[in-house]
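Undergrad: The topological domain 'Cytoplasmic' annotation in Swiss-Prot covers 1-6, 56-94, 144-148, 214-221, 294-322, 375-383, 426-444. Among the features that Swiss-Prot reports, transmembrane segment is placed at 7-27, 35-55, 95-115, 123-143, 149-169, 193-213, 222-242, 273-293, 323-343, 354-374, 384-404, 405-425, with the record citing sequence analysis. Taken from Swiss-Prot, the feature topological domain 'Periplasmic' applies to 28-34, 116-122, 170-192, 243-272, 344-353.
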Amino acid sequence: MSSAKKIGLFACTGVVAGNMMGSGIALLPANLASIGGIAIWGWIISIIGAMSLAYVYARLATKNPQQGGPIAYAGEISPAFGFQTGVLYYHANWIGNLAIGITAVSYLSTFFPVLNDPVPAGIACIAIVWVFTFVNMLGGTWVSRLTTIGLVLVLIPVVMTAIVGWHWFDAATYAANWNTADTTDGHAIIKSILLCLWAFVGVESAAVSTGMVKNPKRTVPLATMLGTGLAGIVYIAATQVLSGMYPSSVMAASGAPFAISASTILGNWAAPLVSAFTAFACLTSLGSWMMLVGQAGVRAANDGNFPKVYGEVDSNGIPKKGLLLAAVKMTALMILITLMNSAGGKASDLFGELTGIAVLLTMLPYFYSCVDLIRFEGVNIRNFVSLICSVLGCVFCFIALMGASSFELAGTFIVSLIILMFYARKMHERQSHSMDNHTASNAH
């Protein structure tokens, strides 16, 4: 690409912010309402952590580019960590897809109020998963083409609320909503971090291609941090203004928080329009992400990390069996979480459970990438910024883990250890195969 066509820092920052912002924010205000305006500190900590992680990945992309991103970086520390990261990453993605599905269902509750209840919401989400599984099996590449349109549509009410919503902001309402978590301020902040981080999951892929940027070694890391920070500021403004516009009980009970703010700002006609836009955005995003999960399974199978069935593709390159297996797992988890919440709660409770699990599963891959940058660049003054961002990224992973419930944390830890057991089995099979080949060659 000629130098004249390459983009500079300002444009690059805009691209990163656009890549970062999406449907992840759409249902967060309902979950954060149960914590309160104090979640602003959770946002600030999350932004610092996300910017640090963004720098780590941008630095690794420019200094040590590897096919496979976090999986490759973890593998540079230890092949066992690479295997573990590949499995964790795959499962985090399909679990995250369920959260996107629940967001779509929640915004559809504007038209079908029964979808605010966990059981109907769970059933609807499972139905959506299977519909898009079959769409992708038939070759639904057209779905991904609609994703960009959907993301623009979902961001309109978010940005509008962040900018215009302050006209309806009430300081007394905000003060009453400061800490609604029935716990100490410190615990409320830590609890909010796990939720806030959901909006930044995907930070590892936000960096733009170095080939389209002027002076990429300087511009890409800086733009990635600035773009992540810009997205975070929009998130803070949008969620904090809602804390001053409505009582926490209204937001917590809402299945479509930005539809409510749009109706206040523009009139009642806007709520169904925003709900339809957001549901459309989430559905197109889900369709696109489901195919990406299927392709991730193919890569893992080709690397020898997953059973061969995941790597089987048809004449069109579609991993039908992998898509079906992912849909079965998504259905099983959705049934389990729906049953756990069936005694009471809302669709947003399902969202909170799913995002918590998905975020926790990404913490080890993020941590390994930070450690790999320290390994690659060393501990010295010359690479001071890289060292600080790597350490901050590691600390942020620890803080996010602290915000998890004991059940979520224990589950993540157990799954991580079970993966290493499978790795040991894989190594045994590889060694046995190698010894058999060696014996056969000696016999000849």
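Glycine residues also receive a Cβ, built from the backbone N, Cα and C atoms like all the rest.
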Undergrad: Would the transmembrane segment (354-374) and the transmembrane segment (7-27) count as touching if the test is at least 3 Cβ pairs under 8 Å, pairs 6 or more apart?
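TA: The transmembrane segment (7-27) and the transmembrane segment (354-374): touching, no.
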Undergrad: Check the transmembrane segment (123-143) against the transmembrane segment (149-169) for contact, please; criterion is three or more CB pairs under 8 Å, pairs 6 or more apart in sequence.
TA: no
Undergrad: Summarise the model's confidence over the topological domain 'Cytoplasmic' (214-221) as a mean pLDDT value.
TA: 82
Undergrad: Which residue counts does DSSP give the topological domain 'Periplasmic' (116-122) for helix, strand and coil?
TA: 6 helix, 0 strand, 1 coil
Undergrad: Are there residues at least 6 beyond the ends of the transmembrane segment (35-55) whose Cβ is under 8 Å from a Cβ of it, and what are they?
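TA: Counting only partners 6 or more residues beyond its ends, the transmembrane segment (35-55) has Cβ contacts under 8 Å with 16, 174, 177-181, 185, 188-193, 195-197, 199-200, 203-204, 206-207, 221, 224-225, 227-229, 232-233, 235-236, 239-240, 243-244, 248, 366, 369-370, 385-386, 388-390, 392-393, 395-397, 399-400.
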Undergrad: For the transmembrane segment (222-242) against the transmembrane segment (7-27), do we get 3 or more Cβ-Cβ pairs below 8 Å once near-sequence pairs (under 6 apart) are dropped?
TA: yes
Undergrad: What else in the chain is close to the transmembrane segment (273-293), if you only count residues 6 or more beyond its ends and a Cβ gap under 8 Å?
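TA: For the transmembrane segment (273-293), the nonlocal Cβ contacts are 22-23, 26, 90, 93-94, 96-97, 100-101, 103-104, 107-108, 110-111, 128-129, 132-133, 135-136, 140-141, 143-144, 146-147, 149-151, 153-154, 156-157, 256, 258-259, 262-263, 323, 326.
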Undergrad: Which residues of the same chain, at least 6 past either end of the topological domain 'Cytoplasmic' (294-322), have a Cβ under 8 Å from a Cβ in it?
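TA: For the topological domain 'Cytoplasmic' (294-322), the sequence-distant neighbours (Cβ-Cβ under 8 Å, at least 6 residues beyond its ends) are 68, 83, 86-87, 89-90, 93, 136-137, 139, 426.
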Undergrad: Are there residues at least 6 beyond the ends of the transmembrane segment (7-27) whose Cβ is under 8 Å from a Cβ of it, and what are they?
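TA: Residues 54, 100, 102-103, 106-107, 150-151, 154-155, 158, 198-203, 205-208, 212-214, 219-220, 222-224, 226-228, 230-231, 234-235, 238-239, 255, 257-258, 278, 281-282, 285, 348, 351 contact the transmembrane segment (7-27) from elsewhere in the chain.
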